[in-house]
Amino acid sequence: MKALLLLLLAQLCSASVVPEREKDPEYWRRQAQETLRNALRLQRLNQNVAKNLILFLGDGMGVSTVTAARILKGQLQHGQGEESLLEMEKFPYVALAKTYNTNAQVPDSAGTATAYLCGVKANEGTLGVSAGVTRDRCNTTKGQEVTSILRWAKDAGKAVGIVTTTRVTHATPSAAYAHSANRDWYSDGEMPPDALQGGCKDIARQLVENIPDIEVIMGGGRKYMFPKNASDVEYPHEEKHRGTRLDRRDLVQAWHDAKPPGKVAKYVWHRRELLALNLSRVDFLLGESQHPGVPWPQLGALGEPLACPGVNNETDPSLSEMVAVAIRMLQKNPRGFFLLVEGGRIDHGHHEGKAKQALHEAVELDRAIGLATRLTSAQDTLSVVTADHSHVFTFGGYTPRGNPIFGLAPMQSDVDRKPFTSILYGNGPGYKIVAGERENVSAVDFAHADYQAQSAVPLRQETHGGEDVAVFAQGPMAHLLHGVHEQNYIPHAMAYAACIGSNRAHCNAGARPAASLLLPFLALLVLLC
């Protein structure tokens, strides 16, 4: 209740406060002219070969989430929020990606992951396979496998890595290495008998066997790597964390055994172990925490600390910490690297109607993007930030400038005469009827981390949204990401920039297409004529 009162006080104090500098028209003119100068500089295209590729994926990070995260970031820094800039928004090139699956107008994370990692659109619920595969039908998989940009980079001699705040066998990371008719086949314990008899492999097994020389794998979901009922190292007495494998295999040991002689492979599950590693002496790293990533959320309405259920800050590394370790590991390869980074719990927060959790995860992903930008150079590193899909998340209600992003709209409904929060969902678990009427939010702690924002339609889980998602790009050939694209175009553009994959004709002798080299001479010819 104290947090709620503080939030209401902040709302009253911040309402309609216009910064003095913004009252001067010259402020906006100078800002626009500076933006114009920066835009004109983009005429000098960066056509270097991308030595390194980093793909940041905000799971469920639609445009409304990006905007709300920007405001949250600014307010956490004690600003009004709207004028803030996310690190991803500093990237010079922006596009939109169409997210539909081949059989779904509103997509899921597996079909979309196949698109932005493998360059091929697919059916919902399937991973690393073409649209010729039907979900749950193991016998439709053979011959329909498609490879990912991670594989293309590995085949080109680059180091590769995966970092996620979800399970390493979850939809986004899985499409980088697995081929499955069902995204939920995490271990053989989740597979139906006909799929096992048909010879299909579970996703955790494919993580270890399909591309055994992935240098960095960090995320959660370690129970899928261990025999059924094996106790968890961190939570030995909790049944939900016990191993799930029916084949009784220890896949962490199998991961170790698959490494070449003389190479050092380290498995860690504790944050302290991870940060203490001497990375110069480690060739392969598998890090599996129970709850990797940002605690949900780290701060309350006005920045006060909050308890985070299910997250242990002592044992679980943040996304930024994992990204820093991954980049330092991968940079040892003189040929460069490909790194996939997922802020996966944006999606989880939205599905539960818990906007606070989703937006704090988005801010942490952005923090990791800023860190990666500082650890690399835009001269040789192509960085791309995008989402797999959106959510039915919105914020509105004519809120005044500086309104706390988790606060109330400055009005009551003119129908039921009750207040409402600015943040709302189109559907989800936040639909609540009290005494036959919409719940009065002033009677609940809407500033709490677990508050479920009101929704228009009752569902146990909120759904994805179907609109396009943003694509932000910086570095060599980033200008190839422009306009409105099919989502499966993204890895093709990245591969072209790095001279990997099948489209390498322009890379002969390290040169870019001859047309770009002839442009100055063609311009001179026009002038002479």
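Each Cβ is built from the backbone N, Cα and C atoms, and glycine gets one as well.
Those TrEMBL annotations? Automatic predictions, nothing curated.
The annotation signal peptide is assigned in TrEMBL to 1-15.
Positions annotated as Mg(2+) binding site by TrEMBL: Asp59, His170, Thr172, Glu342.
What TrEMBL records for Asp59, Asp347, His351, Asp388, His389, His464 is Zn(2+) binding site.
TrEMBL lists Ser109 with the feature active site, phosphoserine intermediate. For Ser109 (active site, phosphoserine intermediate), the same-chain residues lying six or more positions away in sequence with a CB closer than 8 A to its CB are Asp59, Gly60, His170, Ala171, Thr172, Arg183, Asp347, Asp388, His389.
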Non-site residues, in chain order, whose CB comes within 8 A of the mean position of the CB atoms of Asp59, His170, Thr172, Glu342 at Mg(2+): Leu57, Ser109, Ala113, Thr164, Thr165, Thr166, Ala171, Pro173, Gly343, Gly344, Asp347, Asp388
Densest Cβ neighbourhood among His170, His351, His389, His464 (binding-site residues), 10 Å radius: His389
Cα distance (Å, whole number) from Glu342 (Mg(2+) binding site) to His464 (Zn(2+) binding site): 17
Inter-residue Cα distance where the pair is Glu342 (Mg(2+) binding site) and His351 (Zn(2+) binding site), in Å: 17
Cβ neighbours of Asp59 (Mg(2+) binding site) where a neighbour is any other Cβ within 10 Å: 29
